[in-house]
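Record features, source Swiss-Prot:
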DOMAIN    3-146  domain 'Clp R'
REGION    6-71  region 'Repeat 1'
REGION    83-146  region 'Repeat 2'
REGION    159-340  region 'NBD1'
BINDING   206, 207, 208, 209, 210, 211, 212, 213  ATP 1 binding site
REGION    341-547  region 'Linker'
COILED    391-525  coiled coil
BINDING   607, 608, 609, 610, 611, 612, 613, 614  ATP 2 binding site
REGION    767-859  region 'C-terminal'
């Protein structure tokens, strides 16, 4: 018999049976070897066929294994095996059955009827497992659906829908899909398009994370519950698995063959199947090779003829990039736009999903946590969309609590380490014989007993808490399962089971859950374990994602912002008008009175050099974000040429450096919450101001690659020396008079539309002598801090402080000369004395004024 008459799948089975016989040292390939291999084929037709024919597969596998074990083992054959007489007879019968059915190739399923007709060991095993020849032949006809085997790869194309699609309606029936809340308008629109006579293929278009796939899952649930028009009832919604379709398609045309088989099976279903293609743009160009047709082109005829009922989903960008380019494909789909839900809708969606996440993580999710997830994600995570980002927050916060519950509490861990430490000490003291050691040993024994008792008590509490939490999780899982069963019973019309569940099992589980929750409440005061996701946990996750200190977000807004001036004045001496202006802008923003679509605040700081313009920015960054790193500093003197604008926002397409992005836009994309300092703004080219106009007005900027960067959470500060000579001139005059004079100079330099967009222009005063003295105290405190790290202490007398302040005072240059004076008069001589060894670590250094210089003494 010619081996090439068999299908590819059966040829593979024969080869595997041969290697099985060789591995077991058998002389012949027996039918049992082939049977074992056919049953183990992952995508074979024999196992499903036997299952449909009510054959007991586990009994059959046992029988086949026993038969293989009974064959004699022959050594010294050199791996040479032959087809046994029994197998040869079965193969001949398979050929006969194939010819009777007018098949061109012999397929695997004929092996079973042939084995049952040929009298042999395998026939007895099959009959014992419950095989019936007539039932199997009938199921073969059902499997083939009147088709003949005309290709060697025919078996691979069978049951294409089962292999290459995922049944969403089946998932909905078994309760494996998450509930879909809201989105009624989009689902109704999708159903409306599906009901059309032609072009009945909706494509859901929306930003990533707005819930396009969820809408299709919602449709599957509605089909299952019968909440759809008559035309859609009893239909199956299948999701095309592109990965399975492409995976393993090694040869040219194999991918097209598989897709053709899927389309053929769908056509046979005669409209009873709706195909869902997620990431629809992947179909355009999939399987494309030189001279070959891609998947998108293969779909067109089926879509045009109405054989294929299809729902697609893709993002706006990908739709434009791939589908709109192919006008013939685009016209076959009807667009359904999916907008991002509002915060209120997102809260409703989260409330609907809450139970699923509680069961999965085994924690309780509070309602304030849900509200916090929606509001905080909308406010702070601007580059993603609701409800996806809010769901992620809840999911991560719940997994964090679960992780804490599963690991040992910090308090227990600390006691355990302490116990180990004490026991090591006890072992060391046992070797000592002096009285002090013996006394310490007896004290140690008492301490060990106390710590052991404390540890065991705490461990007991921890175990009981853990057990109570585990109890509620188990009850919640049972309750969810009971509800899924109730829905299934309702669909099946099983009234007895429905009443048993609704009036017996579910109320009983509710009662158990209530009791377990009350027991859990008893532990709530002295918790070792957190079992609830509150707004605090959600805020913690937000801070991990966005680097905003969580305490700052949860601290009462009033308390935090009312003492803002005091905090800023710890670093910035004088300049009350500037500090108040900044504080008021931040307060307006946080109280929700300022425009949410503009930056938190935009300021123009004007004043002479060294008066604290840049220092105020640093103080603001520390106050708002706890770190100076949150300040993006750009020296505008570097942007004096017209073309340097590209450095801020990125080079346009076609230019070198296009992929790299801009300095300003990239910094804010990575850290959207920062203080932006544009130093020496008057030195920049005029075109740079044009770029800043939309940042100051709309809080947004489009970079070289067309991405919108969000500046709404930034504080923008620009500094300038314009009019500094006037500030010195008007130093004794009224502040408003001085400001008006300076603003006249500013108006001559900057365009009106630029000045008009700034929240406030603040004029800094020249520093007075007493302010320089206060700055000297701050600077010396920093030196003390650095010395403390090296284990030195420093004190300075008032005389010495006055002397340094006097030397450092310069009305023209501000506080910078003071820094130089401290360097020359204090840091230089002190570092020399430390290196000479006059002061050793641990010493207290006292600085006093002696004549016209400072004296350093060890106190």
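Indices start at 1 and increase along the chain as displayed.
Backbone N, Cα and C atoms are what each Cβ position is placed from, and that goes for glycine too.
The model shown is predicted, which means the values in this text are computed figures rather than measured ones.
Swiss-Prot feature annotations superimposed on the structure.
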{"residue": "208", "record": "ATP 1 binding site", "CB count, 10 Å": "12"}
{"residue": "209", "record": "ATP 1 binding site", "CB count, 10 Å": "17"}
{"residue": "211", "record": "ATP 1 binding site", "CB count, 10 Å": "27"}
{"residue": "212", "record": "ATP 1 binding site", "CB count, 10 Å": "24"}
{"residue": "608", "record": "ATP 2 binding site", "CB count, 10 Å": "22"}
{"residue": "609", "record": "ATP 2 binding site", "CB count, 10 Å": "14"}
{"residue": "610", "record": "ATP 2 binding site", "CB count, 10 Å": "21"}
{"residue": "611", "record": "ATP 2 binding site", "CB count, 10 Å": "26"}
{"residue": "612", "record": "ATP 2 binding site", "CB count, 10 Å": "25"}
{"residue": "614", "record": "ATP 2 binding site", "CB count, 10 Å": "17"}
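Across the binding-site residues listed here (206, 607), the residue whose Cβ sits among the most other Cβ atoms within 10 Å is 607. Rounded to a whole number, the distance between the Cα atoms of residue 609 (ATP 2 binding site) and residue 210 (ATP 1 binding site) is 51 Å. In sequence order, 315, 316, 340, 385 constitute the residues six or more apart from residue 207 (ATP 1 binding site) in its chain with CB-CB distances below 8 Å.
Separation of the C-alpha atoms of residue 609 (ATP 2 binding site) and residue 209 (ATP 1 binding site): 49 Å, rounded to the nearest whole number. Residue 613 (ATP 2 binding site) sits 42 Å from residue 209 (ATP 1 binding site), taking the C-alpha atoms as the reference points. Recorded residues residue 607 (ATP 2 binding site) and residue 209 (ATP 1 binding site) have their alpha carbons 48 Å apart, per Cα-Cα distance. Mapped onto three states, the DSSP output places residue 610 (ATP 2 binding site) in coil.
Checking each of the binding-site residues 610, 611, 612 against residue 213 (ATP 1 binding site) by C-alpha distance, the shortest gap belongs to 612.
Taking 608, 610, 611, 612 as the binding-site residues under consideration, the smallest Cα distance to residue 211 (ATP 1 binding site) is found for 612. The CA atom of residue 611 (ATP 2 binding site) is located 48 Å away from the CA atom of residue 208 (ATP 1 binding site). Closest in space to residue 206 (ATP 1 binding site), of the binding-site residues given as 608, 610, 612, 614, is 614, taking the CA atom of each residue. Using a 10 Å Cα-Cα cut-off from residue 209 (ATP 1 binding site), none of the binding-site residues among 608, 610, 612, 614 qualify.
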